[in-house]
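Visitor: I have a structure I would like to understand better, so I am pasting it below and will then ask my questions one at a time.
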Amino acid sequence: MTTHTQDIGKEVSSVIAQSWHRCSKFMQRETWQAPHQAQGLTFESICRRKTALLTIAQAALEDAWEFMDGRPCALLILDESACILSRCGDPQTVEQLAELGFRDGSYCAESIIGSCALSLATMPGQPTKTSGDQHFKQALHPWSFCSTPVFDNHGRLFGSISLCCLVEHECVSDLSLTLAIAREVGNSLLTDSLLAESNRHLNQMYGLLESMDDGVMAWNEQGVLQFLNARAALLLHLDAQASQGKNINDLLNLPMLLRRAIKHARGLNHVEVTFESQHQFVDAVITLKPIVEEQGNSFILLLHPVEQMRQLMTSQLGKVSHTFEQMSTDDPETRRLIHFGRQAARGSFPILLCGEEGVGKELLSQAIHNESERASGPYIAVNCQLYANSVLGQDFMGSAPTDDENGRLSRLELANGGTLFLEKIEYLAPELQSALLQVIKQGVLTRLDARRLIPVDVKVIATTTVDLANLVEQNRFSRQLYYALHSFEIVIPPLRARRNSIPSLIYTRLNSLKKRFSSSLKIDDDALAQLVAYSWPGNDFELNSIIENIAISSDNGHIRLSNLPDYLFAERPGLETASSLLPASLTFTAIEKEAIIHAARVTSGRVQEMSQLLNIGRTTLWRKMKQYDIDASQFKRKHLE
């Protein structure tokens, strides 16, 4: 071992000295064994894995060889395991190396060829030169090898570039040459890697932009369209491929608000506008993002589809839960309401619900909505008392966007695809009555300060506590709107006319309070009887309020007669009480006649509804009416000329 070490030249690097030290332990200097060689599919697989290195390095080596003027040397490309991937240079030199076993696919490992720059450059990862007797193996003493490693963009060893020649042809600049080539290859690999990564990110971005529900457009300061995703092309009726490169003003008639924002490089955020494209009007909610640069401003425009924005808004604010299944069926009046309510749910025609305050008109409206095909759509409730004059008309009818503020969606548009519940329709201002009539008859709306018609698909359910026919005669309500609403009218009788349903309503309310208070509630029979006997001038609303109050004030959830407020025991003048409905002195004939008259009042003299309410056939009802000299037409509401 000492002898071998002493044979090294005096001025060698520590890398070579350490290599000699390793080699002297397991190999002989005098013997030579050709390196192992990868062939066939194995070598092809290695080359495929190193395609990037080969593509760049082969071009670099060929360029370098052209400037060597036929110098007798060879240039090699090796991978990180010192496997020769490619050779070029002087044919005679290449052939001489091949005789030693340095061919494509040969592994130049230190364990086979000993101390040599081909293997050493890949081990410490630094440029290395071995020449003459610096090689451990005597077979390589006639040769000079210079090798420089190539690193990828992560700093990992990716391969090496080597120059080989006989000692008599070596130059002092050989190592510098391999270093220059290796750096060129490394820089090219880095550039290609960054470009590939940039393209990958760009493809991901394009994929993201194409998969968005929003339309996306981008153009430069000259207005030249640079990007248009498929969604934007669909919304604006444009050809995505043919439109790119054209001026956006040649493709679209931009709204004034957007043109001014572009002129002043001012952003817009969720502004509703209307484009004109291919002779069609297109509604969209837009967001404009200016990109201010030294070379000029560019712009990115997002188009949010109006329908999706409306669906998102209404899904958050327009859901109701009351259904017909929650309504008591103990009373024939309530069964009648359920029957006609389900009929009303089948069509898209407007509905008018009539009745006193607090009889549950909105609950019936909710049940109709949830029974209809529009159940998944919005349910927008509007108290028309808030719109008794046109001051708040902008909220009801919406407004077009201006330079100073965004447009506003109307209540009618918010209800699009669902139900619009108009409470106390008699208070609606005349101007708004006309707008509502336009929606009912034509299915379109004109916003305030706008001229364009907006399609609106809503089912209108209105309520009233007065006789609208009288208001029409007094010119206080639109005659045409009354006719439109009167096409399907449901009269909800007061609670005192639905006494059989009172116990069920009470127990339903108590069950609701049980869940809220997380405690048991029960009511004595005499207390229940007194509640049934009360005339309930405030109807269902009053009933719910009183039940909650007495439940709170009861002892341990036990409602006794003593818990009821005093006024429930006193008869109020002018109100029907339970005892006055059916006096004990009446005969059966008088009771029957009174029941028919009451049914005629409730149904406005509609015989079909009277027969259903009384649970008798129409023929029998006609006979009884003739017997008691009852004329149903006397109870009909006065018809308008």
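Please read every residue number as a count from 1 along the shown chain.
For all residues, glycine too, the Cβ spot is worked out from N, Cα and C.
Okay, so Swiss-Prot annotates it like this:
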- 355-362, 415-424: ATP binding site (BINDING)
- 52-189: domain 'GAF' (DOMAIN)
- 203-265: domain 'PAS' (DOMAIN)
- 327-552: domain 'Sigma-54 factor interaction' (DOMAIN)
- 1-318: region 'Sensor domain' (REGION)
Visitor: Within a 10 Å radius of its Cβ, which of these binding-site residues (ASN416, THR419) has the fewest neighbouring Cβ atoms?
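Guide: With the binding-site residues ASN416, THR419, fewest surrounding Cβ atoms within 10 Å: ASN416.
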Visitor: Check LYS361 (ATP binding site) against DSSP and tell me helix, strand or coil, would you?
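Guide: Assignment for LYS361 (ATP binding site) reads helix.
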Visitor: Using DSSP reduced to three states, classify GLY355 (ATP binding site) as helix, strand or coil.
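Guide: In three-state terms, GLY355 (ATP binding site) counts as coil.
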Visitor: Using DSSP, what is the helix/strand/coil residue split across the domain 'GAF' (52-189)?
Guide: 57 helix, 38 strand, 43 coil
Visitor: I'd like the number of other C-beta atoms within 10 A of the C-beta of LYS361 (ATP binding site), please.
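Guide: Around the Cβ of LYS361 (ATP binding site), 26 other Cβ atoms lie within 10 Å.
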Visitor: What is the average pLDDT across the domain 'PAS' (203-265)?
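Guide: Over the domain 'PAS' (203-265), the predicted model scores a mean pLDDT of 89.
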Visitor: For ASN416 (ATP binding site), name the DSSP secondary structure in the helix/strand/coil scheme.
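Guide: Its secondary structure by DSSP: coil.
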Visitor: Among all protein chains shown, how many Cβ atoms are found within 10 Å of the Cβ of GLY358 (ATP binding site), not counting that one?
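Guide: Within a 10 Å radius of the Cβ of GLY358 (ATP binding site) lie 19 other Cβ atoms.
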Visitor: If you count the C-beta atoms lying within 10 Å of each candidate's C-beta, which of the binding-site residues GLY355, LEU422 ends up with the smallest number?
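Guide: Across GLY355, LEU422, these binding-site residues, the one with fewest Cβ atoms within 10 Å is GLY355.
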Visitor: Tell me the residue counts in helix, strand and coil for the domain 'PAS' (203-265), as DSSP assigns them.
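Guide: When I sort the residues of the domain 'PAS' (203-265) into the three classes, I find 31 helix, 12 strand, 20 coil.
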